[in-house]
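Feature annotations, courtesy of TrEMBL:
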type: SIGNAL; residues: 1-26; note: signal peptide
type: TRANSMEM; residues: 55-77; note: transmembrane segment
type: TRANSMEM; residues: 83-106; note: transmembrane segment
type: TRANSMEM; residues: 169-188; note: transmembrane segment
type: TRANSMEM; residues: 194-212; note: transmembrane segment
type: TRANSMEM; residues: 298-320; note: transmembrane segment
type: TRANSMEM; residues: 340-360; note: transmembrane segment
type: TRANSMEM; residues: 386-406; note: transmembrane segment
type: TRANSMEM; residues: 426-452; note: transmembrane segment
type: TRANSMEM; residues: 464-490; note: transmembrane segment
type: TRANSMEM; residues: 510-528; note: transmembrane segment
Amino acid sequence: MAGDQRANHRLSNSCILLIVLAGMERLAFKGVASNLVTYLTDVMKMSNSSAAKTVNSWCGFTSMLPLLVAPLADSYWDRYSTILISSVLYVAGLMALTSTALALAWSPRNKTTSSSSLLLWSLYLISIGQGGYNPSLQAFGADQLDEDEELPCSKDDQKSKKKSLFFQWWYFGVCSGSLMGVTFMSYIQDTFGWVLGFAIPMISMLTSVALFSGGSRLYMYKGDEAIYCNKPFESIVQAFKATKSKFMSCGIPLSTYKSDQVELELQDQKPLCSEEFDSTKELEENPARNGVHENAKVVLRLLPIWTMLLMFAVIFQQPATFFTKQGMTMKRNIGSNFKIPPATLQSAITLSIILLMPLYDKILIPITRLVTCDEKGITVMKRMGIGMFLSVIAMVIAAIVETTRLKMSRQMGNLDSQSETVPLSIFWLLPQYILLGISDIFTVVGMQEFFYNEVPIRMRTMGFALYTSVFGVGSFLSAISISLVEIFTSSKGKHSWFSDNMNEASLDKYYWLLALLSALSLLLYVILCKCYKSRSELENENCK
């Protein structure tokens, strides 16, 4: 009996394989993204603000694409095929990126517009591949769990714990891959060059595709429900058509979904507007439309929470951009010969996640269970809120450290020198990185579970796409905020907050601005949580 209980808490071999593959994909992506700002400024000779906006826009586009691909994956393609096709595009983009670096290495003086265009095309090809790959792989991994029920009225604690276990180990695998991508690849790129630095992520992704194909016999394949239920994208379109038809023709009801079209059924020999539209009766007679309307309500209820998480995503764009540029001006020596690549400090985020996540399960959750008398210890909503609060504290610390760095630089009289190193150790940046890692444990894992639970089973790829889209829109907001701040602070001949000369920049003011906006977002989030009812709570109310 005890052996059966232990087995219930274990993940299947297919889940473990997919977690490993997710880690390999993160190694490939972080191997490119974490140090890309350095490549753009040092090799492509972009300004600091232009490079930061390019990285933010690319990351935003990458994270937003799942919103477009996920409905197609849920409606027309099975997840296994989507993963395979997307991975081919992913590898093609990495090959193109490596070829671009190789061409520039052969002729470093030939940095033409065509080289920049080829670089951008290769980056956005990676985005297209990842747009289908990431949400489909995670949804496919969740499919391996022994859980088929939509939302049972009775809570199954064993299934809930196994689901939480999957998300936590999934994020552990993702962070392990990210750690390798940030530390190992940043060192390779700074020491041995960009050709090898981009070739290794390409090889990692090629290997993951081979392993995924080889493990096809292990997988559990789900999602072969009825045609209508398997096409949430079409059902949403039909819902909009139904609403439009209701207003245009005084509430003519739509028939049930039939293969390729939805026909308007008119009452025989009755005027169009003679009878009042009975929505309740129709939804009882047409459960498919009932599901559509319920799904639409769920998505609309998620929108306020989704919006409040955006500032958290904006903060998480800083380590790969301004934190990295900030570290380049600080003392980085270990011994006489070795210099720490600034991008490797991003590994502090993933390393803190890897080290502290087991403590979250073994120490924090048991303590909070005693305090809150809740089986989960901390609810998903509270978990996200704690992470948001910690991210605000991280930005406050970042602002204080940057203020100190600028003060030391001005005391030394280094305002005219872009390359002069400030005698302040780069390790002073560690607290803000570690705090962001701890906030990640709370908010990001909570976001995955939140969006997974709040969408129907047939739309789970879309649920993961909603989660990644938070970071996509956050990246675009970060790029927009940089542009706006640059416009307002560079007027009347003044240096902007993002001056290429880091000793003349005012990143500390930008960090204070982000901390203030994030605190406001957290306050609104707390207010929304008081009013929000989860899908399971609504289901339980309907079952009474």
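Quick reminder: no glycine exception, Cβ is built from N, Cα and C everywhere.
Of the candidate ranges 55-77, 194-212, 426-452, 464-490, 510-528, 464-490 contributes the most Cβ pairs within a distance under 8 Å of the transmembrane segment (298-320).
The transmembrane segment (169-188) is in contact with the transmembrane segment (194-212), judged by 3+ CB-CB distances under 8 Å for residue pairs 6 or more apart in sequence.
Note on the transmembrane segment (464-490): residues 49, 52-53, 56-67, 69-70, 134-135, 138-139, 302, 306, 309-314, 316-318, 321, 447-448, 450-452, 455, 496-498, 506, 510, 513 of its chain, located 6 or more positions outside it, place their CB under 8 angstroms from a CB of the stretch. Long-range contacts of the transmembrane segment (194-212) within the same chain: residues 17, 20-21, 24-25, 27-29, 31-32, 35, 39, 43, 83-84, 87-88, 90-91, 94-95, 97-98, 101-102, 104-105, 181, 185, 188, each at least 6 residues beyond the stretch ends and with a Cβ under 8 Å from a Cβ of the stretch. Counting same-chain residues at least six beyond the ends of the transmembrane segment (55-77), those with a Cβ under 8 angstroms from any Cβ of the stretch are 33, 36-37, 40, 85-86, 123-124, 126-128, 130-132, 134-136, 139, 230-234, 236, 317, 320-321, 458-462, 464-466, 468-476, 478-479, 482.
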